[in-house]
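First comes the structure, then the notes that go with it.
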Amino acid sequence: MTEIAETSVYGFGNGSWVQPEPMCQESYRIHSRGFWFGDNPLKCSLPFVLVQIALITSITNSIHFFLRPLRQSKFVSEIIGGIILGPSVLGRSKKFMETVFPMEEKMLMNILSSLASIYFFFLAGVKMDTNSIVRPSVKAFKIGFACFLIPFGIMMFVNLKIRKLFWELGPEHFLFSVSMLISTTPLPNLAYTMNEFNLLTSELGKLAMSSAVVGDVVVYYIVTLYHVFCQESFFDSLRFAASLIAVFGFLLLILRPAVLRINRRTPEGRSVDQVYVVALLVGVLVLVFLCDMVGIMPTHGALLLGLIVPEGSSLGVAIVEKFETMVELFLLPFLVIHCGISTDVFKIQSMSSFAEFLFFLFTGFVGKMMATISISVFCNFSLQNAWFLGLIMNIRGIIDIATFIRWKENTMVNEQAFTVLVLTAVLSTAVVTPLLTIFYKPPRYFAERIRGSIQDARPYSEFQILSCVHNDQDVHPMITLLEASHPNKDSPLSVYVLNLIELIGRSLAVVSGPSEQETATCHQPTGSKQHIEGAFRNYADNSDGLVNVQSFTVIAPYKNMHEDICSLAHQKSATLIIMPFHNNDAIMGGKVGALSSLNHNLIAVAPCSVGILVYRNHGVHHSSLHSDIYLNVALIFIGGADDREALAYVNRMSESPKLRITVIRFQLSHNINGDQDEKQLDDSIVREFRLKNMNNERVTYQEVEVEVEDIEKLLTAMSALQNDIGYDLLIVGRGDWTNGDGMDGREHPELGLLVSHMLREDFDRGWSYILVVQRCGLHLDGNRRPNLPSSIANLKPNLPSSIAKLKPNFPSSIAKLKPNFPSSIAKLKPNFPSSIAKLKPWNIGF
């Protein structure tokens, strides 16, 4: 049985309107009866949809596999895949098009493509930072406004010179709309690409996204005013304006308070009720229907509904986590297919029109580039960074493709102009991303410039610590370690508490200081945040002025979060970064792998020493500033730069009257570092530590000779010592040595070989805390920087005061130091007397 289906869509070609002929088609069927019953599955909707999804997914992923080494984005691969399936390549075969993209199934594909656009705009609104819309920074406002206004003005000027294109490419307002789109940089496009290439937390990435928001807002204002004042009559304009006011009023006065109430009623640490998520997703369709009914663009209605959901809120996070994957993997492929089968390079027939239109688009891209460079240099950016920012602002994406499709459906653009627009968007992104990722390197100056360490810290100055926490469970172990760091009048603690939050449910990465906390995180769950800040504030208030605490918040993807941590540590000249270690997926919501990568990335580029704090959740003495209860601390010293840094930290702790410290040095049967100079540095720092604490009854030093063939024997020797006396805090250098068989075998690479073995269930010796210390000096490639020159430079100024004690080893050490000795002395001579006057005997070597 067949039925007559007459389409109401009108086509636009050669300046005239043409109504397609009615077509006969077979009644729609969803399921196939089966191949064995003589039924063609591709004649039914469900198998047809599944085949299309599988086809576009496999083709785009295959293309991206080959283009990824060329630094191409997923967007470029997706559009190329759609074009290959379209009439430009495979679609040239009539049999292929009739089989894979039959006319009777195009309606379903168009509906799914429209749903993809609607929900993509909705999710973009959910993740958009409303604070950047209402209160943009001065730089972002200047750059965003100039990047829109200047290229728009240039394109409209060129528009006046090539007005004949109006009738060849589209209606009279077509070039005006194209100028508006090319002059702006949609935020979702930018966020998608920046996240893909790990530039979301870079300085230019943040500024570009903030500037893009400004440009988007300006464009939406202009488009809204255009639709209001360009109606056919005054009463039509009034009706349209009244519809807009009604929609805005419904969203702001009814829906937004309801959404905020849902967030307030959701208990801390609990996910939002599924009913609210489903209701909001269905509400998108209802609002889009109402907007379409009164003449408002459906995608704009979805965007407005997304904007009323606070970014980063529990409801916003739930929507993004539950629905974003389905949109990207199931719905967006239909948008790509729709774009691909609508793009036909063989429709480009008028080369003069093609060249003029291409020149028109080119002026927009160049104008935006020049505008960005000019205003960035005016804002005191370097010419190089201004050039990179100009490249970023020319990135195109899914928003552009969805807009092109809507123009084509509304007959605002013919097939030739549509093809040129799609190819230009793909080409601009294909050119920009390789240039950006190859030549722009985020300023990882913290890994190459001034590097702080505990050994290099001045004795009479603030001890700067960057304390990072993921949740309130990290607070007590962190405060216990800070208290053990012995804040005193000569060297108080300056603690920067960094609350680390994963970027979910929002587009913009955020680093907020104390004065920006409320603004930046007002939509975050407040219970845990208030507990963290309150605990550290209470600790500082009870420290008699010996501890100063400042709170910061970082909201970023875990894969890029280490850059924000290192940047803040560099700004604050931190001596030590303390990171918590988590190994329980149930507690951390399945994010243990991401947190482990974060710690490993951090120790690779940190500008100072890093301590990884492992909390074993055993009983521990809860010491306080006004308590006499001791905390038993043990240091395992094997040798190397990390162990020396750990000993320098324990050296600071040894002055605390509330700690009982045991330093256990394992004299191994062979030198694990394979460097006699390193061995002498180890001997020197241990000797000076023992001299300083010679009369300190709370400090114990032990040496244990161990015949070590593998890690197990060393662990056995350590467990024998632990059985004699219980230690609350164990401090270990991370080290870079491997097992006896040449394999490191580390389950947790950020902790090092020794501690990784200690965390096994069969080696539970009751330690409550383990602090793994990594001295700065590990490059991104994992190779240790030589610490010998800096160590020797630090030891030379103290040589005269300690020469009497080092006399037995003096000749051999002098022989090794002789090549660098004269130049070092020449450099140190002017400051030598003052440094000697300031140093106390017990500070030698630290």
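Our numbering is plain: 1 for the first residue shown, then up by one each step along the chain.
Heads up, the Cβ atoms here are built off N, Cα and C, so glycines get one too.
TrEMBL does not curate its annotations; it predicts them automatically.
What TrEMBL annotates here:
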DOMAIN    62-436  domain 'Cation/H+ exchanger transmembrane'
DOMAIN    493-619  domain 'Cation/H(+) antiporter central'
TRANSMEM  46-67  transmembrane segment
TRANSMEM  74-91  transmembrane segment
TRANSMEM  111-128  transmembrane segment
TRANSMEM  140-162  transmembrane segment
TRANSMEM  174-192  transmembrane segment
TRANSMEM  204-226  transmembrane segment
TRANSMEM  238-255  transmembrane segment
TRANSMEM  275-296  transmembrane segment
TRANSMEM  327-346  transmembrane segment
TRANSMEM  358-379  transmembrane segment
TRANSMEM  386-405  transmembrane segment
TRANSMEM  417-440  transmembrane segment
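A contact between the transmembrane segment (140-162) and the transmembrane segment (46-67) is absent, since fewer than 3 of their C-beta pairs, 6 or more residues apart, lie under 8 Å. Contact between the transmembrane segment (174-192) and the transmembrane segment (238-255) does not hold: fewer than three of their C-beta pairs are under 8 Å, each pair 6 or more apart in sequence. Listed by sequence, the residues of this chain that lie at least six past the ends of the transmembrane segment (358-379) yet keep a Cβ under 8 A from its Cβ atoms are 139, 142-143, 146-147, 149-151, 153-155, 158-159, 162, 165, 175, 178-179, 182-183, 185, 385-387, 389-391, 393-394, 420-421, 424, 428.
Secondary structure of the domain 'Cation/H(+) antiporter central' (493-619) per DSSP (helix as H, G, I; strand as E, B; remaining residues coil): 52 helix, 36 strand, 39 coil. Under the criterion of 3 or more C-beta pairs below 8 Å, with sequence separation of 6 or more, the transmembrane segment (275-296) and the transmembrane segment (111-128) qualify as touching.
Just going by CB pairs under 8 A, the stretch in 74-91, 204-226, 327-346, 417-440 that sits most against the transmembrane segment (111-128) is 327-346. Model confidence over the domain 'Cation/H(+) antiporter central' (493-619) is summarised by a mean pLDDT of 83.
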